[in-house]
């Protein structure tokens, strides 16, 4: 048994979609979330920058004595996870591997589309991971640099619909039956995305698989918290705490949440 918290990081707030699934799956576990809003989006940054920024968030979580770390960010998973996993003793769980597994299991036509940040798409991480599981699957990747900032800004519905429709234009004539939401911000735009691609497409949100895999790892390594241990969820941002708190309360459906500002590199 291990009462230490689960650590979750993201470049911004998208990782809250992963955190929410983790809390639902494991209600007895405490968690610590850090969103690096001061430096988001990661998708347009260089490999070196992404690794450095992700390392800062990892070190922050290590300072909080977490027992496992979830990269609730596809870009960090695709670009930085392999490097940082070699540097720390704790296991890191990433969203790309979980999403790829779900996509390979879901597609019936063996045609999968992936939307993600520029960095995630450029890494071809989903293509590699999906085809590792089934080499016959055709994977089409589409960079969507506007969608993560759009989800963070949370504008009015007309603006969201217009930006999503324009961004997803390349998918309208693409051949696929399964769409992977290759950025943890995208589930926050799920309704707008479905309105463009159609109800007939199967949508893969890696967050569900991440929560299940984390559960499996904790069970395997006997790291579950004791059932009598107090449960606490802490939220940190490198951005502005007040706005972070407002949005986090809305997305997590919890008006008691208080977000805290932190300089992750300190």
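In case you wondered, yes, glycine gets a Cβ from its N, Cα and C as well.
The annotation active site, proton donor/acceptor is assigned in Swiss-Prot to 73 (among others). Non-local neighbourhood of residue 73 (active site, proton donor/acceptor): 9, 10, 11, 14, 15, 42, 54, 95, 184, each in the same chain, at least six residues away, with C-beta under 8 Å from its C-beta.
Secondary structure at residue 183 (active site, proton donor/acceptor), as computed by DSSP, is coil. Over all protein chains present, the Cβ of residue 183 (active site, proton donor/acceptor) has 32 other Cβ atoms lying within 10 Å. Under the heading active site, proton donor/acceptor, Swiss-Prot lists 183 (among others), citing sequence analysis as support.
Sequence annotations record features per position, and here Swiss-Prot assigns substrate binding site to 10, 11, 42, 43, 74, 75, 184, 185 based on sequence analysis. Applying an 8 A CB threshold to same-chain residues 6+ apart, the list for residue 43 (substrate binding site) reads 11, 75, 116, 117, 118, 119, 120, 143, 145, 148, 183. Mapped onto three states, the DSSP output places residue 43 (substrate binding site) in coil.
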Original post:
Beyond 10, 11, 42, 43, 74, 75, 184, 185, what residues of that chain have CB atoms within 8 A of the centre of the substrate site's CB atoms?
Top reply: 12, 14, 15, 40, 41, 73, 76, 117, 120, 148, 183
Subject >> residue 42 (substrate binding site) CB neighbourhood, other CB atoms within 10 A >> reply: 27
Original post:
For residue 74 (substrate binding site), which residues in the same chain are close in space, meaning a Cβ under 8 Å from its Cβ, but six or more apart along the sequence?
Top reply: 95, 96, 99, 116, 117, 120, 125, 182, 183, 184, 206
